[in-house]
Amino acid sequence: MSSTSSISEFKPLLSQSVGYGVVVGVGFFFAGVMLVLTYLQSRYTNMSPRSSEEFTSASRNVKPGLVCCGIISAWTWSATLLQSSTAAYTFGISGPWWYGVGGTIQLAIFGMVAAKVKMNANGAHTFLEIVQVRFGTGPHLLFTFYGFLCNLVVCGSLLLGGSATVTALTGMNTDAACMLLPIGIAVYVLVGGLRATFICDWSHTVILFVIIYVASRFIFKTYGTSQETEGVSGLYDLLRAAAITTPVEGNQNGSYLTMKSNQGLVFGAATILSGFAGIFCDQGYWQRAIASHPTSTTKAYMLGGLSWFAVPFAFASCLGLAARGLSNNPKFPTYPSPLSASQTSAGLAAPAAAAVLMGKSGAVALLLVVFMAVTSATSAELIGVSSLFIYRTYFRPHAKGPEIVKVSHYFICFWAIWMGAWAVILNRAGVDLGWLFYVQGVVLSPAVIPVALTVSWGKLTKPAVILGPVLGAICGMAAWMIGCWKILGSINIVNLANPYSAVCSGLTGLLFSGIITVGLSLWQPAAYDFRGTRAIANLDSNKDEGVRRTSSSEDEKTEVTAVDENREVVLTVDGELVDISVLNRSFKRAAWYSLALTFIITILGKHHSRSLRLMCRQVPLPMFFSHYVYSKPFYIFWVSISIIWVLLSGVFSVLLPVWESRQEISAIIYA
């Protein structure tokens, strides 16, 4: 047993000093940069993070390019890079696609919810505030529990994935990495608030795409110049050889080059459930919807979802499959053994491939990419959880902007320390990134449908919004245990995070919660007109006869919600009149877009024309049922699609926010 353990040991390529230098040095360097940018924003624009509205919601006027970039950055967790690569390493070519599908569909559907937020609760700061205004204390406390539970799961995933990579590549102590990672992030969140996280998101996204693509570090090295893979053709041959030595159970011919993967399909279902839970219960995504300009909210989520898809699709298709093909290479960190089950679950497939392909430079590049993913997503979680704090709701109902900001600062400091301690507790308990990834959908899926309907469906009732999540959670827990026992033979920590048992629980919780919530509401429907949620006042000013001023200084713009006798709402943002009918059209566009996208990338059926049959080969379910194993030309075509997609996503995500902010940048430069 000990000999096996030593053979499977992941040999670090870098020294511990590099790990501490990145975690502490680079972390505080970026904190310093963000502080300077925040100062320039306060000095030369009319937006100050001392305003509660600016601190928590970025004054609700963030442009779509920056929101899109923020969505990409916030949704690019360590799991996006590491767990997707693990899926490619374990299941083959289907893993990265299903991981991308499992995040893109939810972003598209959440665009519909975001449109309803701007339409029915534009003055809100959190989804909990909407629940409290509409349904009162009981539902508010219930969804407060889900909000904090989601934040705990996400923070644990971020820090465990990031610290595991830092430890594997540098030998740095895992507990130290967990505690130190959040500290530098908390500094610029404290000073800059939500807008600082958007700016941070952009800088992190730039670095992410530079290292993945422009710097030719991973994709070009793997598919073009690496002597280890010998290009795309050589990697294809390595994967065919791997199917002979270590075939995948449930895949067509044991191949890594097929969408006919039973385990991959179940992984896709688990990813979709986990994605729904991670987006709809996470205040960070609601906060981006709240912060965006009313007329561009849906556009931002549409573009964000399509752009984000390229990250796991291209990154994992490259490094995850390279790790599998190179597992017998003498440079592989665990050679002559493959990665152990625990190393695979910890997300070490991508670090292993980077180490083989580029040695120390690859290790440094991957370390920076994962560090950027962790810090950016963590900043979104910190600002999100600070707004979830129930100080104003239950302790100081009449607290105004400056007091709210002060309390938010205290809570961010507390949570930065607590999330590090929480990650240490999970690590000591043997919980890793893979375990949390699957369990996320299990524990959070019962809240998804009720919280989405709260802002979008007038017939929803208070008993339904309470009983739906509670009874759904009970059914989900029962299905979790029974599924684990019947499918895997025993109930234990490892089996509970198996994709099959996770899907049993997550799907049961989601569907039963939705059926109960909708059924009870239709039995005795409410007739809510959203007047209450539309009248939510801002924190920096007093409501005066139907006029709500969001500014904390005379220089800031005024936002007005006016309700006429026909209950038609007109929003004024930066002097622009926006009729409710415009937001209704945005909602309908989001609905058609999300349905079309889901149909195209997951369900598109068989067609009889030759051109459409070729198109269907790019869509998972037809390829699954066709049992098709990629030929070398088709694999090269598949790789080309991933490269083109990530190139377009990178250019769009980096340049659009700069173009949209050209006037503000010019004002600072020429001031």
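We count from 1, first residue shown onward.
From the backbone N, Cα and C atoms, a Cβ is placed for every residue, glycine too.
Positions annotated as transmembrane segment by TrEMBL: 20-40, 97-117, 138-160, 172-191, 198-220, 264-281, 364-390, 410-429, 435-457, 464-488, 500-523, 635-659 (among others).
Here the transmembrane segment (20-40) sits apart from the transmembrane segment (264-281); fewer than 3 CB pairs are under 8 Å, leaving out pairs fewer than 6 apart in sequence. Same-chain residues lying 6 or more positions outside the transmembrane segment (464-488) and placing a CB less than 8 Å from one of its CB atoms are 131, 135, 138-139, 142-143, 146, 442-443, 445-447, 449-450, 453-454, 495-496, 498, 500-502, 504-510, 512-514, 516-521.
The stretch from 138-160, 435-457, 500-523 with the most CB pairs below 8 A to the transmembrane segment (364-390) is 138-160. Ranked by Cβ pairs under 8 Å to the transmembrane segment (264-281), the stretches 138-160, 172-191, 500-523 are led by 500-523.
Looking at which of 97-117, 138-160, 435-457, 500-523 has the most CB pairs under 8 Å to the transmembrane segment (172-191), the answer is the stretch 138-160. Among the listed stretches 97-117, 138-160, 500-523, the one sharing the most Cβ pairs under 8 Å with the transmembrane segment (435-457) is 500-523. Under 8 Å from some Cβ of the transmembrane segment (500-523) lie the Cβ atoms of residues 266, 269-270, 273-274, 276-277, 438-439, 441-442, 445-450, 453, 457, 459-461, 463-465, 467-469, 471-473, 475-480, 482-484, 487-488, all in the same chain and six or more residues away from its ends.
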